[in-house]
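Visitor: Shown below is the structure under consideration.
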Amino acid sequence: MSTKAELSALTALGPKLVPFFKAVLVYFVVLAGDDDLEARGPSWTGVLVKVLPILSLVLFVLLHEGLTLGLLGPECWFSRRVLLALALSALADALLVWPAHFLSGMAVFGVAHLLYIAAFGFRPLRPVLGLALYALSAWAVSFLVPSLTGPLALGVPLYALVLATMLWRAVASSRRPTAPWSGLCPRVGGLLFAASDALIGFHMFHRPIPHSQALIMATYYAAQLGMALSIVGRSGAEEDGLRVLPVRPG
């Protein structure tokens, strides 16, 4: 794709992303800068403001696919998984507003990561990268273990394992998109997702981080934007990793 065509494609994406950027702005104006937020406790208004950016990315995926995601058509193989992962992420965001539902929210995010893993696939495998990321994840979790009790003692390491797998597959993904820049989106998105969750873990279970809420949500929203943009430039043949290989005789 020529530079002119790439710029044209980016310009076409702009209107579809306007709701996302507006929703992020509303979040940071309404919630992230509110020093009394924790004292007032959870509210449905807070839930709505928090999940709107992710719901806006769900809308982006639908608009980009022309509102034709029948969830059955092979042409939407990749986008379908990204869409469902974003929808589950919105649900997890809502659950995490209430501290009592932390484990439930973490579990739903884990399922969302499994959908991202299914979207990115396991070709090429790049096992050395995977081993390095698993080792890094284990090292990071070791700082949290002393503060993990009850179900969290198992739940947090398991979530870290799934998160590391998602990051491995996002970085290892070898796509051939018609928009080359979009090939970087899942890699950047995966890295930012890992950074956001690391901030949550260290803030909750190791030591408080100044301005943690703003840092966590800024990296998180940017991560999900990267995941959503990874659908750009995919053809139907590229979306199904099994169909780009020769069929083996039965």
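Each residue, glycine too, has its Cβ placed from N, Cα and C.
What TrEMBL says about a protein is an automatic prediction, not a curated fact.
Copied straight from TrEMBL:
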| type | residues | note |
| --- | --- | --- |
| TRANSMEM | 12-32 | transmembrane segment |
| TRANSMEM | 44-63 | transmembrane segment |
| TRANSMEM | 83-116 | transmembrane segment |
| TRANSMEM | 128-146 | transmembrane segment |
| TRANSMEM | 152-172 | transmembrane segment |
| TRANSMEM | 184-205 | transmembrane segment |
| TRANSMEM | 211-233 | transmembrane segment |
Visitor: With a cut-off of 8 Å between Cβ atoms, can you find at least three pairs linking the transmembrane segment (184-205) to the transmembrane segment (44-63)? Only pairs 6 or more residues apart in sequence count.
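Guide: Touching, no - the transmembrane segment (184-205) and the transmembrane segment (44-63) miss the threshold of 3 or more Cβ pairs under 8 Å.
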Visitor: Please identify the stretch among 12-32, 83-116, 152-172 with the greatest number of Cβ pairs below 8 Å relative to the transmembrane segment (211-233).
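Guide: The stretch with the most contacts is 12-32.
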Visitor: Hey, which bits of the same chain come close to the transmembrane segment (83-116), Cβ under 8 Å, at least six residues off its ends?
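Guide: Residues 42, 46-47, 50-51, 54-55, 57-58, 61-62, 69, 151-152, 155-156, 158-159, 162-163, 165-166, 169-170, 186, 190, 224, 227-228 contact the transmembrane segment (83-116) from elsewhere in the chain.
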